């Protein structure tokens, strides 16, 4: 551009509309040769068209601090919607408008075309489940969660039409950070997960827009504010005991190592009692609220069928959680290494139901019942553990909506992201009973996506050899694994089931525990 004074006095030429192909060649703009003109003055920054969502946050990366201070503060967006057009053509049997990554997942899922056509909404539900931006592992997990950019809600599908527009509401809720876990010997796909709550709102009556906006406002008010790290640390200081656990406990022996913490056995110096100690590095915990939740629940809820919380200490950023030690290990070792008879299974189910009846009576849902979270004493005692995922329910919120637990043990209403109540624990107990029969939960050998589809659509899973089970046991399983939540038994009801009257004494579990330990030694 020339610095000629004459050009400086000329007004700028009107802007010329150019097609994108002119710039795509990479050469000089051919039109510029015909106009010895200065470019149009730049539009003031405040008036630039910009993306409503991205530009609010991009200033921290591109703009200077000075500019930030000059601009009025703008709060992050709330209640914004990300619309995804996903349809299902009943004639061709194909989804339309599906995100590319979901399409790739579906292609390798082993969900047949017939299954997709039979229940396309269930397919979308399980694809949403695999949205890795919302799937979280619990604390002490061995592998850090992967993050991916996905829409945060599952499109709702209207199968009556060939294509529908689905509105996905992205909420800034408590469950969005990477999440806390327990050490489990199973493959990654059997580990506990935690995902954001996504429930489609009940549509407002036609023409009554105020009802919908009022409901949203009410939901916002009910949502509890997210605690800052400092608030969490302050809360922890009010919960824990003062002192140094290294002085109160001795003979530390490591029995487990996770990505963000370690589990030891140790001995109480004063009492000579053997305990289990979780040492958790809080700096590595992106979901610290779950730790507070677990401590508070275990502190308040004392029951013979729940692993006893003993104490907790905070030393710098290290949290020490001291718990009762059960030397028999987890029920997983027994179900994978030995064969249980029906009377032994009945004994374990009875003890777990006693724990669940107590929890549910205290308005607590465990949400992660599986053999990994049932610990055994050498004398055969059976106790539930791992309350990082438990949820309290109130009269105002009698149903939960967060997808949480472990995929193969999940109730259908959780997989399909419906509101749920305490009976999700009963379904998981039924799956655990099948574990005790077959050594693993149903669908474990299926592709995980297809397994979720089958859980969502099949109802009660089929047993490998149902004829080998007594009618009374099959009836107990059917009561636990009833697809209709209203017909599914409660913990209180199932404690009266005739199957539990077959239970052997708990001491009958001791030979199984010893056999499992021996088998595991041989496998090393």
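Including glycine, each Cβ sits where the backbone N, Cα and C put it.
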Which one of 204-228, 254-278 shows up in Swiss-Prot as region 'Disordered'?
204-228
Would you mind telling me which one of 143, 460 Swiss-Prot calls phosphothreonine?
143
Among 59, 162, 192, 398, which is annotated phosphoserine in Swiss-Prot?
59
Annotated range (Swiss-Prot: motif 'Nuclear localization signal') out of 238-244, 245-251, 280-286:
245-251
Looking at 24, 32, 141, 401, which one is marked phosphoserine in Swiss-Prot?
141
Could you tell me which of these binding-site residues, 255, 263, has the greatest number of Cβ atoms within 10 Å of its own Cβ?
263
Rounded to a whole angstrom, what is the C-alpha distance between residue 261 (ATP binding site) and residue 368 (active site, proton acceptor)?
20
Sort residue 368 (active site, proton acceptor) into helix, strand or coil using the DSSP assignment.
coil
How far is it from residue 263 (ATP binding site) to residue 128 (N6-acetyllysine), counting Cα to Cα, in Å?
33
Whole-number Å value for how far residue 128 (N6-acetyllysine) lies from residue 368 (active site, proton acceptor) (Cα to Cα):
20
Near residue 257 (ATP binding site), how many other Cβ atoms are within 10 Å of its Cβ?
11
